[in-house]
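Lifted from TrEMBL, the feature list:
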type	residues	note
COMPBIAS	1-13	compositional bias 'Pro residues'
REGION	1-52	region 'Disordered'
COMPBIAS	21-43	compositional bias 'Low complexity'
DOMAIN	60-194	domain 'EamA'
TRANSMEM	63-82	transmembrane segment
TRANSMEM	88-108	transmembrane segment
TRANSMEM	120-138	transmembrane segment
TRANSMEM	144-167	transmembrane segment
TRANSMEM	179-196	transmembrane segment
TRANSMEM	208-228	transmembrane segment
DOMAIN	210-342	domain 'EamA'
TRANSMEM	240-261	transmembrane segment
TRANSMEM	273-294	transmembrane segment
TRANSMEM	301-321	transmembrane segment
TRANSMEM	327-348	transmembrane segment
Amino acid sequence: MTSPLPSPLPSPRPSGRSRDGAPAAASPGRAARPAADAARSGPQSPALRDAGRVRRRPWAGPLLVLAAAALWGTTGTVANLAPDGTPALSIGAATMGLGGLLTFALTPRSALAVLRGGRAVLPWALLGALSVVVYPLAFYPAMALAGVAVGTVVALGCAPAFAALFARLFGRARLGLRWAAATASATTGCALLALGGHETGEGGGHAAAGVGLGLLAGACYALFAHCAAQVIRHGHPARAAMGALFGLAATVLLPVLVATGGPLLGRPRGQAVALYLAVVPMWLAYVCFGAGLGRIEARTAVTLSLFEPVVAAVLGVTVVGERLGPAGWAGLALVVLGLVALTVRAGATPPPA
């Protein structure tokens, strides 16, 4: 992993023309060094073009991921407003399917360029799209079976461990002590948030199945983050990577929505819920997440995403009227402590190239 390179200097503009109309040669003092630098640097890729901005704004990456997590934190509260009898599968398919279609539609050319990226990029795009397909089909049923708090906490609480596993497995990355301590603090806080909540799932004795689906969702989320980061590292813009992965996933999720979305899309309230979930916690949040992912490591981004249960817990108390016990408030404090420690570190360290 290397530090990002500074942006190459622009080629000098011709200072005039000779008598025969050809461009006049630039003076050595003005043009020779910039021209040589530009020749060595080669054409400027989108990733290289972003490198200078990343170095000037090192806090942008962590803050963008935290903003995405805050938007994701509204998902459970809004999903609870869906009409009675709405299947959890249809909510997940609407969120990621409609949102994925929107993400692709706004960047079609650059997203298709990712899919034409050859053997270096295409396997990551396909694997990332598969993880996007499975994630909502596991995450939303996990909340329905184990409860919103427990399902969310299990899915996101295990994601950093899976992210570290994938980073070690695919990239042989070394895990720092600060990352381990911050992740342990945030994960412990998530567990306390779950214990401090009072929600129960709709599945009665199927809570264990909900926990299992939450683990699957966490693994898929971590795998998606790793795959998207690899696409971005190969020189594709973050929005193009998001458009390619979510566009591919939409081709599978939209048929699921057609098959199961009658109760959700058949009423105005359900349509409003689907529209919000597709635009705000899906499209807008993943635009922020993709931009942040281009500036920090995937495993750091996944840990910062643990801010989502904090937002969900606060909304549960202030909007839904839930009560959070002492263990829940202690867990919230631990999550915030871990995220602050990790954000300070991520903002001070240049992202990998």
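Just so you know, glycine gets a Cβ as well, placed from its N, Cα and C.
Bear in mind that the values here come from a model prediction, so they are computed numbers and not experimental data.
Most Cβ pairs under 8 Å with the transmembrane segment (144-167) belong to 179-196, among the candidate stretches 63-82, 88-108, 120-138, 179-196. Residues 75, 79, 82, 132-133, 135-137, 139-141, 143-144, 237, 239-240, 242-244, 246-247, 249-250, 253-254, 256-257, 260-265, 273-275, 277-279, 281-283, 286-287 of the same chain lie 6+ residues outside the transmembrane segment (88-108) yet bring a C-beta within less than 8 angstroms of a C-beta in it. Proximity of distant same-chain residues to the transmembrane segment (120-138), defined by a Cβ-Cβ separation under 8 Å and at least 6 residues beyond the stretch ends, is recorded for 89, 91-93, 95-96, 100, 114, 155, 213-214, 216-217, 220-221, 223-224, 227-228, 230-231, 234, 236, 241, 244-246, 248-249, 252-253, 256.
Panel annotation: around the transmembrane segment (63-82), residues 91, 95, 140, 143, 148, 152, 264, 269-270, 273, 276-277, 280-281, 284-286, 288-289, 291-293, 295-296, 301, 304-312, 314-316, 319-320, 339, 343 of the same chain, lying at least six beyond its termini, place a Cβ under 8 Å from a Cβ of the stretch.
Per DSSP, the domain 'EamA' (60-194) is made up of 112 helix, 0 strand, 23 coil. Mapped onto DSSP classes, the domain 'EamA' (210-342) shows 115 helix, 0 strand, 18 coil.
The predicted model assigns the domain 'EamA' (210-342) a mean pLDDT of 88.
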